[in-house]
Every structure is written in C-alpha cells, then in structure tokens.
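K.L.:
Here it is, the structure, as structure tokens.
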Amino acid sequence: MHQKTVAEISAALHAGEISSRELTDSLLKRIEQFDPRLNSLITVTAEQARAAADAADARLRAGEAGPLTGVPLVHKDIFCTDGVATTCGSRMLEPFRAPYDATVVRRLAEAGAVMLGKANMDEFAMGSSNETSYFGPVRNPWDLDAVPGGSSGGSAAAVAARLAPAATGTDTGGSIRQPAALSGICGLKPTYGRVSRYGMVAFASSLDQAGPFARTAEDLALLLGGMAGLDERDSTSVDHVVPDYSESLNRSIRGLRIGVPKEFFGEGLDADVRSRVEAALQVLEGEGAELVEVQLPNMELALPAYYVIAPAEASSNLARFDGVRFGHRCADPQDLEDLYKRSRAEGFGDEVQRRILVGTYALSAGYYDAYYRKAQQVRRLVADDFRQALDQVDVLAGPTSPTPAFDLGERADDPVQMYLSDIYTLGVNLAGLPGLSVPAGFSRGRPVGLQLIGGYFDEARLLNVGHKYQQVTDWHKQVPEGFE
C-alpha cells in the first residue's frame with residue numbers, strides 16, 4: 001500500500017480495503033526501517049498518528065469521510081503543531097512547543113489527514129540543499145550521496161522514499177519546486193495568498209507560501225483543496241473562490257498555448273537537464289499544446305533582487321528570536337546585551353547568520369535606497385515580465401532547476417553556486433505566481449523536473465497540464481532503488 005498515491009489510498013479507505021490504522025502502522029514501520037538512511041524526519045508522532053488514524057476510521061465507518069480522511073502525511077517542521085516540537089531545523093527553536101496548530105495543519109487535520117511526523121528542513125527555510133539543518137543533512141533517496149534539494153528537503157525525500165504519500169512544504173524562492181524536482185516527485189507552490197501563512201514561522205513574509213508535495217498532480221489537487229482558502233488570521237490571505245481542483249484535471253490541453261522563456265535555456269543549464277525538459281515539452285506538444293517562445297528580459301535581475309529582499313525581511317522576522325521570550329537562551333548571561341549576542345550566535349547557524357547580516361545591511365540607513373528600494377523596483381519589473389508573457393500564452397514551461405541533485409557538501413562553501421540552484425524558481429515568488437514541478441526523467445540516475453508557471457490563482461490549469469503529462473509518461477511511477 002505504500003506505493004499507492006493519495007487518490008488510490010483514499011479510494012481503498014472508502015472501499016474498506018484497508019483501514020487508516022493499518023496504513024499508519026505500516027508507514028510508521030517504514031519510517032523506523034528506512035529513515036535512518038535519509039534523516040528526512042526530525043520528529044515522529046507515532047502515538048498521535050495512531051489516535052488520528054482511529055478517529056479517521058470511525059469517520060469512514062460513519063460515512064462522514066472526505067477524500068483526505070485517513071490519509072497519512074508529514075508536515076514540514078516550519079508549521080506550528082500544538083504540543084509537538086516545531087524547530088525550523090534550528091537550535092534556536094529546538095525546545096519550542098507551539099500552543100496552537102498552524103492553519104495548514106488544522107485544516108488538513110479537520111479533513112481527516114493523519115500526521116506521521118515533522119520533516120527536516122534547511123534552518124529557518126534558508127537553503128537549497130537541506131544541509132543547513134541543525135539536525136543534520138537530508139539524503140536523496142535516489143542517491144544517498146546527493147542532496148534532496150531545499151529548503152523542504154525532508155518533505156520531498158519522505159514522499160520520494162514512500163515513507164508518506166504526501167507532505168507539506170513552504171516555498172520562498174523555490175523551496176517546494178526545487179526539492180520536488182531533485183527528488184523526482186511533484187510539488188506545487190500556490191499563488192501568494194492562496195494558502196494561509198498563519199502558524200507558519202516566517203522567513204520572508206512577502207515571498208513565503210505553503211504548498212503540498214505528492215507523487216502526482218492528481219494528488220496535489222486533493223491536497224490543495226484541503227489547504228486553500230481565506231483565513232482571517234492571516235492578513236495576506238486572499239478571499240478568492242477555491243475551485244474543485246480535481247474537476248478540471250482531465251480537460252484536454254489541445255490548443256493550449258505554452259510559453260517557453262528563452263532565458264530558461266541559456267548559459268548554466270545542464271545539457272542533460274535541457275534535453276529532458278525539451279523532451280517533456282515535446283510530449284505536451286504531442287498532446288495538442290502549442291509551444292511559443294517568449295521572453296522574460298529581466299530574469300537575470302531576479303536573483304540579486306531576491307537576495308536583497310529575502311534577507312532583509314528575514315533579518316526583521318528573526319529579530320524576535322532573542323533568548324528572552326522563547327527558544328534558545330545562552331547560559332549565565334552577564335547582561336541583556338550579552339544575552340542577545342550569545343543566544344543568537346549559539347542559536348543560529350552560519351547561513352542564517354549570513355542572511356541576517358546581509359538583510360540588516362540592506363535595510364540600514366544610507367543603504368536602504370541603494371539596495372532594498374532598488375530591489376523592490378526590480379521586483380516590479382520581473383512581475384511585469386511574467387504578466388506580459390502570460391498575456392500571450394496560457395502557461396509557461398521550462399526546467400525547475402539548472403542541474404540535477406548535486407553531491408552533499410559540493411556547494412556548502414560556495415553560497416553563490418548554492419543560490420544559483422533557484423535561478424528558475426525565485427522569479428515566480430517575486431511575482432507571487434503559482435508554480436508546479438513534475439518529474440521529467442533522469443540525468444545520470446538523478447531526477448529532473450519540468451516547471452509549469454501560471455497566472456494568478458490559476459493552479460487548476462497547472463494541475464490539469466501536469467496531470468495530462470503524467471497520463472502519458474511514467475517518471476512519477478519510478479521508485480528509488482532500495483525503497484521499493
């Protein structure tokens with residue numbers, strides 16, 4: 001049953017072919033057996049999961065179940081979970097237990113989903129490889145010497161290894177789509193405001209968005225339906241109708257115009273990745289879609305703009321972790337200043353400290369206009385490029401990441417090379433658009449992802465295109481060796 005998709009598991013649960021408790025126990029055994037090789041989970045909530053599974057089975061017997069009732073999943077450890085550790089992959093929050101559930105956690109629990117545990121992640125979601133976690137790096141199920149992508153690498157690795165059929169993640173500059181691509185699964189970054197950020201520990205508030213991981217676009221449709229919608233506790237949540245995302249999955253894509261940005265196929269794109277993505281585009285063309293070359297002339301400016309805006313917002317958001325109210329507190333501080341300095345120096349890792357320093361500098365007097373304000377102006381140019389391109393076509397398509405998964409430690413000492421991992425994804429966050437990554441083959445045994453980008457609140461169309469692609473390909477059915 002661990003090889004089944006969310007949709008298949010849901011059907012089996014409703015047909016009485018298996019109980020949620022049986023499925024949950026089976027997956028908990030898989031986690032115990034396989035996760036020591038991956039380190040994909042920080043916390044396993046076995047007792048809580050079994051209780052939730054029993055409650056789901058009662059709902060199923062009573063005929064009160066929905067499509068996610070009884071379906072196990074893991075949550076990225078950036079979402080607050082009542083009474084369960086929420087660490088953000090950091091020593092700073094190692095002792096933190098939230099007194100409430102994040103809206104994403106609450107909504108999925110109300111839908112009957114069963115939380116198996118909390119997934120490992122780059123510290124405070126800052127990273128592209130899941131190597132910055134205080135709890136150790138996550139390994140890629142396809143190659144244990146490779147990274148799974150980041151920052152939601154634990155979520156992606158758990159789904160790829162069949163430890164859970166689904167997971168939640170967050171995407172600030174590619175942190176759902178990039179690990180989905182590198183781990184050979186599907187990941188959706190919804191439109192900014194589509195899913196509540198309440199209870200999601202903030203990295204960069206104008207960029208962060210929660211979304212789901214699964215092995216198929218069909219599964220993502222079910223998960224997004226359970227997560228999306230207005231939340232009055234999140235001022236950035238948008239009151240926009242939530243459609244039945246499953247309803248439009250099987251629509252024909254004949255005549256659909258797919259824009260192919262030439263900037264996504266330039267210098268820096270791995271030749272194997274280019275070949276796999278071009279083959280995927282030909283598959284969509286074979287299904288009746290029309291490929292149209294488009295331009296995003298300011299895309300080369302997206303990376304430097306992002307790495308001003310995101311650290312600036314992070315430096316503000318992470319100022320709250322000071323050793324006074326919650327989180328790590330240094331021993332025997334001499335005075336308040338010593339408490340601040342040592343608690344933050346001990347609690348934050350190198351990459352987080354680097355970004356706090358960059359962000360503080362960008363916001364400082366005398367540099368605000370030269371850096372932060374200028375970056376926001378570039379952000380508008382990038383968003384305008386996407387708008388103009390999407391005025392000509394229905395969706396955009398290209399590679400999710402410029403390379404397949406790289407080796408653990410390969411880029412640890414080269415921040416710029418690490419940041420370039422997100423060069424095709426972070427513009428979508430600057431613009432606030434939805435983006436989807438689906439498996440598109442392999443390069444030297446490591447997965448490659450196809451990225452689809454849509455207009456605001458057009459997740460249904462992206463899922464439709466992704467589903468039609470997966471109906472005529474089988475990359476999503478491949479299983480990492482040793483995790484069968």
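Cβ coordinates are placed from backbone N, Cα and C, and glycine is handled just like the others.
Here's the feature list from Swiss-Prot:
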ACT_SITE  Lys76  active site, charge relay system
ACT_SITE  Ser151  active site, charge relay system
ACT_SITE  Ser175  active site, acyl-ester intermediate
K.L.:
Determine, to the nearest whole angstrom, how far the Cα atom of Lys76 (active site, charge relay system) is from the Cα atom of Ser175 (active site, acyl-ester intermediate).
P.N.:
11
K.L.:
Per DSSP, to which secondary structure element type does the residue listed as 'active site, acyl-ester intermediate' belong, with helix, strand and coil as the options?
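P.N.:
Note: the residue listed as 'active site, acyl-ester intermediate' is coil by DSSP, not helix or strand.
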K.L.:
What number of additional C-beta atoms lies within 10 angstroms of the C-beta atom of Ser151 (active site, charge relay system)?
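P.N.:
A count of 34.
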K.L.:
Would you count the other C-beta atoms found within 10 angstroms of the C-beta of Lys76 (active site, charge relay system) for me?
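P.N.:
So the Cβ neighbour count for Lys76 (active site, charge relay system) comes to 32.
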K.L.:
For the residue listed as 'active site, acyl-ester intermediate', write down the residues of its own chain that are at least 6 apart in sequence and whose Cβ falls under 8 Å from its Cβ; none is a fine answer.
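P.N.:
Set apart from the residue listed as 'active site, acyl-ester intermediate' by at least 6 residues yet with Cβ under 8 Å, we have Asp122, Ala125, Ser128, Gly150, Ser151, Ser152, Gly169.
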